[in-house]
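A.B. asks: Starting off with a structure, shown below.
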Amino acid sequence: WDFNGSFHQPPALLMMGIPGLETLHPWISIPFCALYLTALLGNCGILFIIGRTPSLHEPMYCFLSMLALTDLGLALCTLPTTLGLFWFNVRRIGFDACLTQMYFIHILSFIESSVLLAMAFDRFVAISHPLRHAAILTKATVLKIGVAIVLRGMVSLLPIPFLLKRLSYCGRTELSHSFCFHPDIMNLACADIKVNVFYGMVILLSTVGMDFIFIVLSYILILRTVASLTSREECLKALNTCVSHICAVLVFFIPMIGLSMIHRFGKNVPPLVNTFVAYIYLIIPPALNPVIYSIKSTHIRQALLRALCRKRG
């Protein structure tokens with residue numbers, strides 16, 4: 001933490017696209033554009049439908065609105081730098097701008113993890129205590145949960161930019177992706193980064209790690225409740241309400257865990273694998289979640305059809 005004469009921050013960092021495929025970036029941008037367009041339209045559509053349909057103003061769909069808003073934010077955080085690099089080869093990003101993008105990417109990732117936990121709790125209460133569901137998850141309670149989720153993400157990650165700014169950087173300025181990650185920036189430093197590594201690991205395990213554990217515990221309790229139901233139809237109906245959420249959990253947590261392991265232990269992993277997993281983690285969930293919920297949720301699908309019919313009429 002001591003300031004010395006070697007202290008140095010680069011004015012800008014250089015972002016990387018897909019290593020070895022730089023000449024194909026204009027063509028590679030086509031599927032990325034399709035994914036970003038799906039994420040923007042899909043999540044805006046979910047928010048519009050839930051906002052305009054009073055029958056969907058329930059805890060489950062309130063949490064789905066939070067998820068859609070978070071996914072929308074994630075897509076907007078990475079879209080400018082990713083498409084700017086693929087279309088116009090804009091690799092340079094200011095150091096402070098990079099820290100700002102990194103801060104919001106990590107905040108939104110942590111918020112998404114917490115929202116998925118809140119949705120798991122909602123499914124547990126709805127299946128295990130259906131008569132008390134409305135009394136437990138009132139609108140005020142859902143609002144308090146939402147505020148707590150945002151505050152937890154903001155406060156826990158607030159020291160990260162300051163921990164990075166106090167480091168000295170020399171030599172390398174090339175990032176591994178077309179957006180800014182904490183481990184990626186941290187590894188460019190030519191100073192002791194033990195504090196950054198320790199704090200990053202503690203925060204990751206105490207937030208996202210705990211969220212994942214509690215999601216698993218929620219589904220263990222849900223399966224115990226479902227197993228006690230006498231009717232096979234009731235079992236299938238109860239489990240069917242969880243399918244969309246399980247898909248969203250898998251789509252988010254599998255690439256996130258993979259990327260965390262690569263950044264911390266994958267010294268010999270090819271750069272292409274690192275880049276591929278990072279894009280899956282940040283772009284695929286925002287694009288897939290609205291599609292998953294639109295297909296699996298009868299209420300969302302019916303509200304969407306009604307909205308389309310009104311426009312045609």
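Cβ coordinates are placed from backbone N, Cα and C, and glycine is handled just like the others.
Just so you know, TrEMBL annotations never went through curation; they're auto-generated.
Found this in TrEMBL, in case it helps:
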- 24-50: transmembrane segment (TRANSMEM)
- 42-293: domain 'G-protein coupled receptors family 1 profile' (DOMAIN)
- 62-88: transmembrane segment (TRANSMEM)
- 100-121: transmembrane segment (TRANSMEM)
- 142-164: transmembrane segment (TRANSMEM)
- 197-222: transmembrane segment (TRANSMEM)
- 243-264: transmembrane segment (TRANSMEM)
- 276-295: transmembrane segment (TRANSMEM)
A.B. asks: Can you say which of 24-50, 100-121, 197-222, 276-295 has the most Cβ pairs under 8 Å with the transmembrane segment (62-88)?
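C.D. replies: Going through each listed stretch, the top one turns out to be 24-50.
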A.B. asks: For the transmembrane segment (197-222), which partner among 24-50, 100-121, 142-164, 243-264 gives the most CB pairs under 8 Å?
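C.D. replies: Against the transmembrane segment (197-222), the leading stretch is 100-121.
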A.B. asks: Quickly jot the same-chain residues contacting the transmembrane segment (142-164) by Cβ under 8 Å, restricted to those at least six beyond its ends, or write none.
C.D. replies: 59, 62-63, 66, 99-100, 102-103, 106-108, 110-111, 114-115, 118, 182, 185-186, 189, 195-196, 199-200, 203, 206-207
A.B. asks: Residues of the same chain, at least six outside the transmembrane segment (24-50), with any C-beta under 8 angstroms of its C-beta?
C.D. replies: 17-18, 56-57, 61-62, 64-65, 68-69, 71-72, 75-76, 79, 82-83, 85-87, 89, 279, 283-284, 286-287, 289-291, 293-294, 300, 303-304, 307
A.B. asks: What average pLDDT does the predicted model assign to the domain 'G-protein coupled receptors family 1 profile' (42-293)?
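C.D. replies: Summing pLDDT over the domain 'G-protein coupled receptors family 1 profile' (42-293) and dividing by its length gives 92.
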